[in-house]
Amino acid sequence: MRASNISSDGGTESSALVDDNGSEEDYSYEDLCQANPRYLQPGGEQLAINELISDGSVVCAEALWDHVTMDDQELGFKAGDVIQVLEASNKDWWWGRNEDKEAWFPASFVRLRVNQEELSENSSSSQGEEPEEDAGRSRHKHSESKHQMRTNVIQEIMNTERVYIKHLKDICEGYIRQCRKHTGMFTVAQLATIFGNIEDIYKFQRKFLKDLEKQYNKEEPHLSEIGSCFLQHQEGFAIYSEYCNNHPGACAELSSLMKQGRYRHFFEACRLLQQMIDIAIDGFLLTPVQKICKYPLQLAELLKYTTQEHSDYNNIKAAYEAMKNVACLINERKRKLESIDKIARWQVSIVGWEGLDILDRSSELIHSGELTRITKQGKSQQRTFFLFDHQLVSCKKDLLRRDMLYYRGRMDMDDMQLVDLEDGRDKDWNLNVKNAFKLVSKTTDEVHLFCAKKQEDKARWLQACRDERRRVQEDREMGMEISENQKKLAMLNAQKAGHGKSKAGYSACPAAPPPQSLHPVHQRHVTVPASVPQQQVFALAEPRRKPSLFWHTFNKLTPFRK
């Protein structure tokens with residue numbers, strides 16, 4: 001029998017690389033529903049934490065994701081923050097302390113630190129100078145301690161990777177294979193929505209783990225050189241972007257199916273036959289999202305205990321940056337996908353739209369507001385402008401219905417140069433201007449003159465134009481692209497939704513994805529609290545850009561029309 005222990009995730013850790021060969025038994029629906037409950041009970045982690053706390057030990061956890069809360073009884077924190085765990089008797093909500101206060105926080109949003117003794121060492125180090133004769137012995141002891149701490153982190157990375165492979169295998173064999181045998185219950189499209197590209201992830205992670213195992217030094221784990229594995233496979237981790245973007249849709253599809261008892265029993269029976277740990281299917285499907293979030297934290301901790309003289313130092317440092325960038329790119333792609341849905345709905349609401357879809361070149365609204373456009377003849381036109389990446393769109397308000405907008409044209413920002421104007425007479429146009437700026441074409445003689453109502457409005461537009469150029473450059477450097485299929489799907493959904501809308505105002509702020517309120521037969525481990533919006537699951541780090549506030553003006557400007 002293979003030895004195992006309980007990981008900090010509540011899962012079972014195999015001591016060897018999981019076999020790639022899958023079992024081939026097929027079961028009928030009746031067989032599945034009559035399965036015996038053979039599975040491992042979670043809870044070892046909780047018991048261990050409470051024993052440590054009761055013994056007076058300091059137990060710390062690191063935040064996997066931001067926890068944003070407006071409840072005074074909950075502890076808010078950012079990804080990477082350290083929380084001292086004070087009480088963990090409840091499996092879902094723990095009591096803890098950070099720099100701000102003590103309060104409840106969701107246990108699933110954190111991971112226990114591998115080296116818990118660090119705080120104790122730091123606190124005792126300030127209790128006076130060491131005698132000189134003990135200095136050498138102390139340095140030697142510190143060196144041994146550093147080796148042990150690096151060993152702890154290396155072993156955690158290896159063990160959690162093996163557990164993760166087991167989870168992926170269970171999903172592919174325990175759920176997907178059985179679902180495909182029951183064509184009367186699941187369509188191909190449903191399975192694609194629920195499971196996404198998790199089979200590709202399983203295939204990729206098996207290769208990654210095999211390379212990790214080759215670099216793992218069993219005799220002296222602290223000498224292991226695993227940084228090169230992350231660097232070698234960093235491009236492969238990009239497949240997580242598709243999975244993470246698909247995950248909210250998977251949750252919605254599962255939630256719909258779980259309203260029927262036959263599906264709840266079916267998924268639970270699949271889990272029991274595969275002898276999977278006691279986590280519901282939605283918890284298993286969240287593990288890839290959790291995993292890609294955990295890598296940067298693990299590598300940051302490993303870097304902390306890797307000296308600059310260590311042969312793996314430079315690779316670990318580069319791997320940490322690489323995995324942080326992977327996670328940021330995934331977050332950014334998800335934000336872009338949410339943005340293109342809003343942009344598509346906005347375009348559908350504009351009367352008389354001409355030319356290519358806005359999504360043909362743009363994926364983000366950067367700024368919007370009213371400006372006065374001045375012609376060379378001195379005529380003024382009051383327009384509402386929407387600045388997207390690559391494009392500036394001009395619209396005119398309806399004279400009677402001020403909440404209706406008509407399309408009036410667009411400008412290519414890639415071809416424009418921003419020129420700030422001082423208040424006074426403009427020599428080129430021979431006009432007196434105030435709060436003005438120009439957009440000048442780099443390839444033609446075309447010049448556009450704009451005036452804002454207030455100086456602060458002009459300042460915001462100037463900054464927005466600079467931001468637009470910077471973001472275009474950042475997207476180019478990050479390789480940020482939205483597929484044509486995703487753009488077409490966004491427009492198709494917007495057009496369908498537009499036909500079903502009444503004259504009520506259009507709110508461009510997206511509705512929060514449905515909570516993961518699934519209720520299988522046995523659910524003792526809630527992976528993410530049902531009250532937490534799905535967006536927070538993906539907030540690994542501080543967002544590269546803050547969400548735009550300008551969508552809030554859309555409910556006044558652009559209602560859907562029949």
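Note that Cβ sites are derived from N, Cα and C of the backbone, with glycine treated the same way.
Taken from TrEMBL, the feature compositional bias 'Polar residues' covers 1-15.
Annotation source TrEMBL lists domain 'SH3' at 56-115. Across the domain 'SH3' (56-115), DSSP helix (H, G, I), strand (E, B) and coil residues number 3 helix, 27 strand, 30 coil.
The domain 'DH' annotation in TrEMBL covers 149-333.
Annotation comment: TrEMBL describes 364-470 as domain 'PH'.
What TrEMBL lists as region 'Disordered' is 1-28 (among others).
What TrEMBL records for 119-148 (among others) is region 'Disordered'.
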Give the residue counts of the domain 'PH' (364-470) per reduced DSSP state, in the order helix, strand, coil. 19 helix, 56 strand, 32 coil
Averaged over the whole of the domain 'SH3' (56-115), what is the pLDDT? 79
